[in-house]
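Read through the structure below, which is laid out as structure tokens, and then see the notes.
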Number of protein chains: 2
Amino acid sequence: MALINENFLKLPESYLFSDIKKKVEAFKHLHPDANIISLGIGDVTRPIAPVVIEALHAAVDEMGDSKTFRGYGPEQGYDFLQKKIIENDYIHRGVDLAPDEIFISDGAKSDIGNIGDILSMQNRVAVTDPVYPVYIDTNVMGGRAGNIAKDGQHWDNIIYIPCTSENNFIPEPPSVRPDIIYLCYPNNPTGTTLSKNELEKWVNYALENETLILFDSAYEAYIHDEGIPHSIYEVKDAKRVAIEFRSFSKTAGFTGLRCGYTVVPKELKLYDTSKKKVNINRLWNRRQTTKFNGTSYIVQRAAEATYSPVGKIQIQESIDYYMRNAGLLKDCLQKAGLQIYGGDNAPYIWVKTPNELSSWKFFDRLLYECHIVGTPGVGFGPSGEGYFRLTAFGRYEDTIESISRIQNWKL
Amino acid sequence: MALINENFLKLPESYLFSDIKKKVEAFKHLHPDANIISLGIGDVTRPIAPVVIEALHAAVDEMGDSKTFRGYGPEQGYDFLQKKIIENDYIHRGVDLAPDEIFISDGAKSDIGNIGDILSMQNRVAVTDPVYPVYIDTNVMGGRAGNIAKDGQHWDNIIYIPCTSENNFIPEPPSVRPDIIYLCYPNNPTGTTLSKNELEKWVNYALENETLILFDSAYEAYIHDEGIPHSIYEVKDAKRVAIEFRSFSKTAGFTGLRCGYTVVPKELKLYDTSKKKVNINRLWNRRQTTKFNGTSYIVQRAAEATYSPVGKIQIQESIDYYMRNAGLLKDCLQKAGLQIYGGDNAPYIWVKTPNELSSWKFFDRLLYECHIVGTPGVGFGPSGEGYFRLTAFGRYEDTIESISRIQNWKL
């Protein structure tokens, strides 16, 4: 009798974005003519940069010619892209990596989910709270989360590290020692960052406690201020404790093209149950060569083009466009008397709901009174209650229109 | 202390194709001027069809224009492609499927590997032998294979169903009942097929024994003879027991573009430990929405173009090209006195090594005496010993040259 992985049955039916969708559909049914603006789901809206489009056309033509056609590529990605990543994302930050420490994939979400394949089910996992739900859900599937508590929000084997305005969104080491901790900076959903000093504390914690850090830096391109690390490897010895996930999705608008990469340093060692050290780079390589056939060649050429001199300029233009939205939204929300966080080095603005409104109550009011869709903070975890996420990925015109509605809003 | 998934440590270091690579490199070192022809790894060589290239260019242009740009797509794939798949691959074979039973992915290898996520570690797995190594290796990683036997070939918790010339490559139900069985037809590596009658026996076996069939039909486009099923769902009630994996890799030369799909019928139910039936379509949907962000939009448009009237013709031309190679190779090998199988409805030719030569000995002789690289049958499992795989994916000119060398070969 073929049996399922029963951990899947533990996952609650409803899911944040589908709940939002249902609410928006109900609203549309009542107000079919309303011009709803979405500042909710974190998808980009700007088209792919011209120089990247050129690279795609050239790569497509290569695939149509028997002299330049490419079949299966390396499962780990082409070295033309691995090398560009090292040169442009790491070397000038003092981080030295080899091409075989960079694994190209179809996106950070795949790698963040699949990394669990190489990790024991016995590991105790910690997350900052609020958090990107994928970190939790993939660990539920992998049997590391335990059971959901009666509150429907906490998993009893996950360690939650609250990040709220009370601690200035700086996670503190938990009382129970985790084997694995997910850190995402610039943070989704709060838009906050960690200074190098704060990140150093976590690397040292991980070194002392033999904790693996899964570092998600999908939003590093939005860092504007000096002194905020773009990569965890800017911190000394981080290679011994951290895997870093990166994506071209938010950096270069690749959400529909699909490309990301994961750095697994050769210095990183974890343990088997006999406490013998195991090289993780080799394990991940084996996982990828067995369960993955590489990222589309033409998409890897597109990613390569983002590192050309013109590519960098064009991509920065889109980031600047989104960050102008962030600045305008932030300014407007502050003038409306709201307490807000993030938005300086991240495309996310984290709003403290006024008058102790719940996240969902604030969602309903913003939808029904301003026709704006955002994301209730509680959807990202229990410590997100009383907060609300807005994204800067909308069109400029929509952001301006949102601002004008919020200005006239009687909160 | 962060622990690894120790099942990874059970996998032997060496891997079939890396061993072959090492042997070829050693040969090249000794014979730097030899013109080595590879009929080994199953990668295509013909460029992408012109109408597909056109579709790619058009989709690339869409991504460069804010009016037509697409960000995140559905994790399950776009319905324009799901519908084309149903219309062209299933309806005319009497198979009725809904778009939400088709999951588009970046390739069959990913799905065949990832399907284990939704299945219990307790399941007993059966494979036909010889077999595509990914079926075994992913189950080793997932903890379902047990330990490798002293012979270095059998995993003690995997049920091997020998398929050799003795049983005409038709798998017979094993004495121990499996929970899951992998079937691949047309078969890699043997190039053999199952008649509808034979496939019906397996569907009935699965229905009676509550066994899940994982059906890999990556090579169905190479079926030429009438009466050989292209899809397992051509067999009555197969939807209740089977998941089908398909790929554009061999059908349309997408090995470098990356697109495949998996059919998970809503009628398919497996069990939890309390013997309650569970809908597998929903489980796979949850897996994909949590750990995957969809296949590249432009690649999905390319896949769609393979179903256009011109696309079908152009793709058939490449299949005919490869099958001409297969026919020529087969004829030549038979004339050389070799016993061969496959090659009629599959791009693979399965050679019985003469004079009881071992697979690797035959490999060495073919390499050193004909400068041709193939794949030793034993690399696909213990029942592959004494066999050898050649593929028809080479260039026509190389196939002709190979034939001329084999004709002059003193075996």
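Including glycine, each Cβ sits where the backbone N, Cα and C put it.
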Per TrEMBL, A:Tyr15, A:Gly42, A:Lys109, A:Tyr132, A:Asn293, A:Arg389 bind substrate; matching candidate in A:Asn187, A:Asn188, A:Asn197, A:Asn345: A:Asn188
TrEMBL pyridoxal 5'-phosphate site partner of A:Ala108, A:Lys109, A:Tyr132, A:Asn188, A:Tyr219, A:Ser247, A:Phe248, A:Ser249, A:Arg258, A:Asn293, selected from A:Tyr72, A:Tyr78, A:Tyr322, A:Tyr341: A:Tyr72
All-chain count of other Cβ atoms within 10 Å of A:Lys109 (substrate binding site): 27
Reduced DSSP assignment, A:Lys250 (N6-(pyridoxal phosphate)lysine): helix
Site extent for substrate (largest Cα pair distance over A:Tyr15, A:Gly42, A:Lys109, A:Tyr132, A:Asn188, A:Asn293, A:Arg389, Å): 36
Residues from A:Tyr72, A:Ser247, A:Asn293 facing chain B - binding-site residues, CB under 8 A: A:Tyr72, A:Asn293
Top Cα neighbour of A:Lys109 (substrate binding site) in the set of recorded positions A:Tyr72, A:Ser249, A:Lys250: A:Ser249
A:Tyr132 (substrate binding site): tally of other CB atoms within 10 A of its CB: 22
Whole-number Å value for how far A:Ser249 (pyridoxal 5'-phosphate binding site) lies from A:Tyr15 (substrate binding site) (Cα to Cα): 22
